[in-house]
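In case it helps, Swiss-Prot gives these features for our protein:
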ACT_SITE  Arg154  active site
ACT_SITE  Lys178  active site
ACT_SITE  His244  active site
ACT_SITE  Arg247  active site
ACT_SITE  His270  active site
ACT_SITE  Tyr279  active site, O-(3'-phospho-DNA)-tyrosine intermediate
DOMAIN    1-94  domain 'Core-binding (CB)'
DOMAIN    115-292  domain 'Tyr recombinase'
Amino acid sequence: MSSVDEFLTYLQVERQVSAHTLDAYRRDLAALVVWASEQKTDDGVQDAAVPAETAQFDSAHLRQFVAAEHRRGLSAKSLQRRLSACRSYYAWLLKRGRISASPAAALRAPKAPRKLPQVLDADEAVRLVEVPTDAPLGLRDRALLEVFYSSGLRLSELCALRWRDLDLDSGLVMVLGKGSKQRLVPVGSHAIAALREWRRDSGASADSHVFPGRAGGAISQRAVQIRIKQLAVRQGMFKDVHPHMLRHSFASHILESSGDLRGVQELLGHSDIATTQIYTHLDFQHLAKVYDAAHPRARRKKAAE
């Protein structure tokens, strides 16, 4: 078993990371292994300057790898993810005494331009969640959308929800987030009403998934993505609506109303407030639009144009 395979086994068995996280590590480290295997002489022999075993790499080898991935057209964000996986891998090797220093510790990928998350305005969000409940699966769709927008869950968190995680009388949901961290999140009154209706209709037990898939178990993330796109079209929305737009909209609208960045951080389950601060830029965009529409000098400037 290679060092990379051992590390992946450690992540799965000891760290018990999610399947999604494990797949991401596997893809990123597979790219490193493939690059190493491609470093051959004209005779097809492994280049003596590049070890076939990634555990023997130094920082120069990793810089060559990152440069090769960059030439291949990988985005700055993807390069950052590749390096993050490498740092975790080499930190694991270091902790186990396999290497004396991590070759990835000092390496930095190019900074990715920070894109602002796409959001729906309040009217658009309401139009999306108020899908007809008399259509096939209408009660489920309404409950799913209401919970998504009401509580700002991640897509993976929404799909994993079980009825036992919900306390509809108290209006709270216990969410198992990234890193197996639990957090309590409020559930709005419209979402509670939709969930009660959906549970009465489905007759589900406490251990059942709130939103089951066709084959049993939890609904897949892909199924939710497709369904939300379909529902957005049915509701006459012309934006390319994707699930995380509801989470982003939740965060943006809460921050816009309250100005409480720390509170939004806790609701979203962000470990680093810097991740939450992206929504302050959205709030500033909104304020800038209000200014342009309302400030007398802004209006005069617009009229002059």
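All residue numbers here begin at 1 and follow the chain in the order shown.
Placement of Cβ uses the backbone N, Cα and C atoms for every residue, glycine included.
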Near His244 (active site), meaning Cα within 10 Å, which of Arg154, His270, Tyr279 (active-site residues)?
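Among Arg154, His270, Tyr279, the ones whose Cα sits within 10 Å of that of His244 (active site) are Arg154.
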How far is it from Tyr279 (active site, O-(3'-phospho-DNA)-tyrosine intermediate) to Arg247 (active site), counting Cα to Cα, in Å?
11
Around Arg247 (active site), which of the listed active-site residues (Arg154, Lys178, His270) come within 10 Å, judging by Cα atoms?
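Passing the 10 Å Cα cut: Arg154.
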May I ask for the distance between Arg154 (active site) and Lys178 (active site), taken between their Cα atoms and rounded to an integer number of Å?
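Cα-Cα distance, Arg154 (active site) to Lys178 (active site): 9 Å.
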When you measure from the Cβ of Arg154 (active site), how many other Cβ atoms are you left with inside 10 Å?
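Taking all protein chains shown, Arg154 (active site) has 18 Cβ neighbours within 10 Å.
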Would you mind splitting the domain 'Core-binding (CB)' (1-94) into helix, strand and coil residue counts from DSSP?
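With helix first, then strand, then coil, the domain 'Core-binding (CB)' (1-94) has 67 helix, 2 strand, 25 coil.
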Across all the protein chains here, work out how many other Cβ atoms are within 10 Å of the Cβ of His270 (active site).
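His270 (active site) is surrounded by 17 other Cβ atoms within 10 Å.
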